[in-house]
């Protein structure tokens, strides 16, 4: 797949992407995006979230969760049913958003659709990228937010300083474990991100759901789902020594996607019923009618 990078024109505090999607200057709280130090009503709770997350996301914990949830034996439902299930939840790790999740899913998908009208797989990826957050639901064990949301990072090797609130990793048991605290840890140079364990959460879970249910989304779509919260990689360039050639190509699409995932979080409302038929047609194209979760 050939990727053509789109240029950003910054004028008068706005980021205008080709096709007309205008990136707002501030998030839902009137703050700049991903500012984890901003004095907002969410700041203290977000920091406490990351402290708990960084202490508990260990190599052994991730292996345990992948084994437990990878069997996909909890629920059978469609993609759209899952979208509706998410309406009950707000992401406590997100300093930019306090809307129900389906609002963000449709904001992201519709923003992408404006600028990339012919890439229907990317529209659908925008819709489903956060569906793994159903792990918060009682039917999925009602996992705590620290085990579902937030920025993701590799486990089994050193925690890079670019990971938000890095200081709290010092309380993680893996921090002082010589098997896990070096640059490569249990991995090797160019091994490919597919062979790297990421902190457990909705990204990896939704990737497993899509893969095991034999979604026909292209490799880039699955890559976006699995690594869209891996900000240390696609914003700071950390962990590139673990990537292979396919990762490098897919990362180009992830960086495009991230603009919409991050900056479409605003108070602009989407008419769900108006756009629903289009997304149902995409779901039918790329997924079975019912999925195992």
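Placed from the backbone N, Cα and C atoms, the Cβ positions cover glycine too.
In TrEMBL, annotation is done automatically, which means it is predicted and not curated.
Since the structure is predicted, the reported quantities are computational estimates derived from the model, not experimental observations.
What TrEMBL lists as substrate binding site is 34, 91, 92, 93, 133, 150, 151, 228, 229. All chains included, 24 other C-beta atoms sit within 10 angstroms of the C-beta of residue 229 (substrate binding site).
Summarising the annotation, TrEMBL assigns Fe cation binding site to 104, 129, 130, 202, 228, 261.
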Position of peak Cβ density within 10 Å, selected from the binding-site residues 130, 151, 261: 130
